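According to TrEMBL:
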type     : residues                               : note
DOMAIN   : 4-134                                  : domain 'Enolase N-terminal'
DOMAIN   : 139-421                                : domain 'Enolase C-terminal TIM barrel'
BINDING  : Gln163, Lys337, Arg366, Ser367, Lys388 : (2R)-2-phosphoglycerate binding site
ACT_SITE : Glu205                                 : active site, proton donor
BINDING  : Asp242, Glu285, Asp312                 : Mg(2+) binding site
ACT_SITE : Lys337                                 : active site, proton acceptor
Amino acid sequence: MTTISRVIGRQILDSRGNPTVEVDVVLADGSTGRAAVPSGASTGANEAVEVRDGDPTRFHGRGVSRAVAAVNGAIASAVTGLDAEDQALVDETMIALDGTKDKGRLGANAILGVSLATAKAAALAHRQPLYRYVGGVGARLLPVPMMNIVNGGAHADNPLDFQEFMIAPVSASSFADAVRMGSEVFHTLRRSLAKAGHSTNVGDEGGFAPDFANADEALQFVVRAIEDSGYQPGTDITICLDPASSEFFRGGAYEYAGEGRRRTIEEHIAYLKDLADRYPISSIEDPMAQDDIAGWEQLTAEAGERLQLVGDDVFCTDADRLLDGVEGGYANAILVKVNQIGTLTETLRTVDTAYKAGYRVVMSHRSGETEDTTIADLTVAVGCGQIKTGSLSRSDRTAKYNQLIRIEEELGRQAVYAGGR
Ligand SMILES: O=C(O)[C@@H](CO)OP(=O)(O)O
Ligand SMILES: [Mg+2]
């Protein structure tokens with residue numbers, strides 16, 4: 001009854017107004033799984049490749065009709081008749097059909113859509129929520145959300161060199177409570193920005209995008225918003241950063257264009273450590289660029305004991321790249337983005353590899369998202385305890401928070417909130 005009988009791909013829009021792939025996988029019993037594919041702006045150099053149509057400056061050029069055609073053609077022919085329960089077989093069939101290392105022939109966007117829709121259809125056929133189908137009865141850990149409240153870098157048109165400033169409500173009593181705390185801080189920040197004459201417009205991930213001159217100014221506003229909301233920075237709510245450093249690493253140094261200055265690798269490391277000394281920062285993602293492995297090693301040696309150092313661009317959700325990090329002793333956590341690697345099976349392998357190496361895992365959205373909430377379920381399925389999925393103000397982001405609220409309610413007394421661990 002869980003045999004795949006139809007696969008339907010279509011082009012829809014993502015949160016930036018760009019075309020993206022959506023897939024329906026229909027099983028013999030009629031169960032239909034639907035998944036929409038996200039898309040990044042600050043992409044890692046070694047990510048699986050999304051296939052787009054020709055000219056990138058035109059809407060039709062940014063289109064995904066070729067990827068959709070791959071779903072409806074070659075992929076549909078190859079996976080129809082397979083059992084949706086055989087997730088690894090479905091995924092491996094698509095990987096073999098594509099035949100490239102980066103999924104660039106059929107497109108990681110085509111393959112991921114089918115992969116996730118297959119899992120969702122199988123879950124439905126078993127009358128199970130996705131988090132339980134993938135994670136089993138042990139799946140009951142609700143993540144601490146890293147909520148993005150200030151955007152910069154590639155996600156906003158302001159001078160801020162760092163891409164993301166996030167808050168993590170670690171002292172919340174539940175996930176729903178964490179959302180309430182985050183929302184309070186978000187609105188408090190809005191008021192204080194307006195009062196200071198700053199713009200309250202938001203960036204791609206829904207965080208505010210005022211013309212802050214540097215990270216210090218952003219951090220001061222964030223700390224004050226936490227305090228003014230009645231919380232203790234560092235105890236109730238910690239701060240997480242994603243400078244997305246690969247975006248401004250040029251010629252062997254860090255080019256802070258917004259600040260109008262250049263920092264050597266040494267100076268960049270010293271600056272990050274100084275920020276972590278002066279503000280209640282618990283986690284920094286991509287503190288160093290994907291090509292600056294020596295910098296990664298140095299920072300991990302100097303600050304890895306006290307800070308979570310999350311590898312995004314440097315690992316690209318790839319288990320083998322992660323193993324390079326484990327061997328080289330850099331980073332102590334990995335950001336997991338399903339579209340960086342392109343199938344559910346490979347995503348689960350990466351998570352497993354991280355756990356075995358003692359690396360923490362943060363499940364993550366992309367800056368281009370849709371209303372799809374698959375990553376909310378996957379976060380609970382793998383029990384990684386942390387999710388990064390944007391601000392509290394855009395429905396492409398709140399969709400994930402809202403799904404986690406529903407999962408927590410459904411789990412009832414079994415639910416465990418990961419804060420304070
Ligand atoms: O750098 C990141 O971590 C992501 C998500 O926040 O951004 P993008 O999807 O643009 O790569
Ligand atoms: Mg990142």
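One is the number of the first residue shown, and numbering goes on along the chain from there.
Here the Cβ of each residue, glycine as well, is placed from N, Cα and C on the backbone.
Nobody curates TrEMBL annotations by hand; they come from automatic prediction.
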Integer Å distance between the CA atoms belonging to Lys388 ((2R)-2-phosphoglycerate binding site) and Asp242 (Mg(2+) binding site): 10
Integer Cα-Cα distance in angstrom, Lys337 ((2R)-2-phosphoglycerate binding site) to the residue listed as 'active site, proton donor': 15
Check: same-chain CB within 8 A of (2R)-2-phosphoglycerate site center, minus Gln163, Lys337, Arg366, Ser367, Lys388: Gly40, Ser42, Glu164, Glu205, Asp242, Asp312, Leu335, Ser364, His365
CB contacts for Asp312 (Mg(2+) binding site) [other CB atoms within 10 A, all chains]: 28
Predicted model, mean pLDDT over the domain 'Enolase N-terminal' (4-134): 95
Candidates near ligand 1 among the binding-site residues Asp242, Asp312, Lys337, Arg366, Ser367, judged by a Cβ under 6 angstroms: Asp242, Asp312, Arg366, Ser367
Cα separation, Glu205 (active site, proton donor) to Lys388 ((2R)-2-phosphoglycerate binding site) (Å, whole number): 10
Within the domain 'Enolase N-terminal' (4-134), residues counted as helix, strand or coil by DSSP: 54 helix, 26 strand, 51 coil
